[in-house]
Amino acid sequence: MTTNYIFVTGGVVSSLGKGIAAASLAAILEARGLNVTIMKLDPYINVDPGTMSPIQHGEVFVTEDGAETDLDLGHYERFIRTKMSRRNNFTTGRIYSDVLRKERRGDYLGATVQVIPHITNAIKERVLEGGEGHDVVLVEIGGTVGDIESLPFLEAIRQMAVEIGREHTLFMHLTLVPYMAAAGEVKTKPTQHSVKELLSIGIQPDILICRSDRAVPANERAKIALFCNVPEKAVISLKDVDSIYKIPGLLKSQGLDDYICKRFSLNCPEANLSEWEQVIYEEANPAGEVTIGMVGKYIELPDAYKSVIEALKHGGLKNRVTVNIKLIDSQDVETRGVEILKDLDAILIPGGFGYRGVEGKIATARYARENNIPYLGICLGMQVALIEFARNVAGMDNANSTEFVPDCKYPVVALITEWRDEDGNVEVRSEKSDLGGTMRLGAQQCQLNDDSLVRQLYGAPTIVERHRHRYEVNNMLLKQIEAAGLRVAGRSGDDQLVEIIEVPNHPWFVACQFHPEFTSTPRDGHPLFAGFVKAASEHQKRQAK
């Protein structure tokens with residue numbers, strides 16, 4: 001089987017939406033019966049985004065196999081059925097790290113190690129490895145053409161086009177076509193300059209995606225085609241839309257998938273986008289709306305919680321309601337009190353690291369529990385709910401996590417490797433287990449209790465969800481908390497670790513150690529988010545009586 005490659009680049013400005021455009025095109029090709037995957041090549045020197053600030057980079061998306069990756073991989077999984085893995089995302093830092101390791105081992109036999117050919121060869125090897133077994137691979141190059149950081153990646157894909165052959169490679173370039181209000185027209189010159197920049201490094205784009213706040217007129221597209229040496233039918237207008245799920249239909253209506261299939265000599269049926277039409281219909285025809293408060297510490301950049309925000313919207317689609325998300329800084333809860341949480345239909349506390357704002361999250365969990373407000377805690381959101389219950393219901397004053405207070409009296413949450421037994425001795429778990437040292441990453445099994453709410457929601461006794469955390473519930477202190485009324489609703493496959501907790505005498509109080517947002521999609525939703533949004537609607541109705 002021959003694999004075909006579509007290399008996606010961006011020009012003029014960043015944040016044009018390369019990831020969404022690539023994912024939308026992949027969705028159309030998948031709807032034609034093709035086996036499609038998408039890769040993201042990031043030019044930054046960090047080995048992966050795992051240690052990067054969410055305020056700078058946005059969320060870290062965790063794949064099934066435990067890779068910490070760019071948030072664009074979340075878009076890819078929400079648009080296509082193919083699951084991403086560590087092969088779908090790599091950085092300049094990862095490439096240099098691999099090459100330097102080989103150089104130290106002597107793999108290059110004393111050669112002078114250079115960007116060309118050693119770095120570019122390493123990039124090509126990873127792209128080819130990631131594309132194995134697929135009909136079409138879309139490869140998104142991060143950054144903007146002209147950035148010094150992107151040059152090795154652009155050189156590598158130029159070489160790939162020569163080596164694989166132009167009959168199996170396409171270059172798709174996204175560019176900005178701005179509207180000048182003073183002139184009353186769109187301007188094509190930035191696009192021409194961007195293509196000129198690409199040509200200077202040996203890449204002739206085959207497809208141009210023209211991003212604008214309005215449809216680019218046919219005469220302007222013809223002008224772009226003429227000056228950029230691209231067929232007119234391959235100049236695609238991609239205007240701003242109110243829903244990203246309209247983009248597959250927008251690209252298909254301009255024949256982009258037909259053009260690509262002809263170029264690659266692929267014989268495949270017409271794309272059936274009925275599932276996407278259903279998503280658009282559900283989004284456009286809500287029967288009501290709810291307001292959900294999300295209490296976190298990175299709220300100045302909503303992309304830090306991208307998958308959670310999308311998953312809440314998916315939960316709205318499944319309940320035919322619009323979800324209005326109110327982002328609340330947990331430090332504001334500390335300084336202004338829980339009064340700022342009034343008038344919410346439900347409360348969600350997402351994952352996070354570090355002590356800043358934690359007491360505000362603990363106060364939020366207490367407010368939701370005591371006032372019967374639907375609550376969903378994710379990762380740290382589960383840990384603060386447990387700490388709150390231990391303090392205020394189980395009589396464990398000053399209970400905390402060793403992440404925040406290492407020598408606290410009741411360490412109800414502790415590092416995976418540092419639980420204390422009943423005699424006060426530190427119990428160390430095996431580092432050889434799949435928990436992986438200090439960070440638990442990737443998809444793992446969870447067994448649900450038959451009498452739990454989550455068992456009803458999932459409709460299955462065993463689930464698989466993705467993790468990203470260092471700290472766990474301390475089993476040695478669990479009996480006292482359970483005796484006070486907290487229910488452990490789910491445990492890890494080996495029955496060792498607490499995965500889900502519930503408050504039984506509450507309309508809807510669920511908190512999980514894993515990240516359910518990473519497996520939610522617009523077409524299928526997710527049981528926890530669908531149930532949470534439904535609970536928000538029911539709470540709203542109760543309050544209205």
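In case you wondered, yes, glycine gets a Cβ from its N, Cα and C as well.
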According to Swiss-Prot, which candidate in D70, D72, D98, D303 joins S15, L16, G17, K18, G19, I20, K239, D240, V241 at the ATP site: D72
Candidates K40, K124, K223, the one Swiss-Prot lists with S14, D147, I148, E149, K187, T188, K189, P190, T191, Q192 as binding CTP: K223
Per Swiss-Prot, L380, G381, M382, Q383, E403, R470 bind L-glutamine; matching candidate in G352, G354, G357, G442: G352
Cα proximity to D240 (ATP binding site), best match among recorded positions K223, M382, Q383, E403, E517: K223
Under 8 Å by Cβ from H515 (active site), counting only residues of that chain that are 6 or more apart: V62, S307, G351, I378, C379, E465, R466, H467, R468
Between K189 (UTP binding site) and G19 (ATP binding site), the C-alpha gap once rounded to whole angstrom: 24
Cα-Cα distance maximum in Å, computed over every pair in S14, K187, T188, K189, P190, T191, Q192, K223 that the record assigns to UTP: 24
T188 (UTP binding site) to G17 (ATP binding site) - Cα separation in whole Å: 18
Taking residues S15, L16, G17, K18, G19, I20, D72, K239, D240, V241, which bind ATP in the record, the widest Cα spacing (Å, whole number): 20
Cα distance (Å, whole number) from G17 (ATP binding site) to R470 (L-glutamine binding site): 33
Site with most surrounding Cβ atoms, counting all protein chains shown within 10 Å, from the recorded positions I148, C379: C379
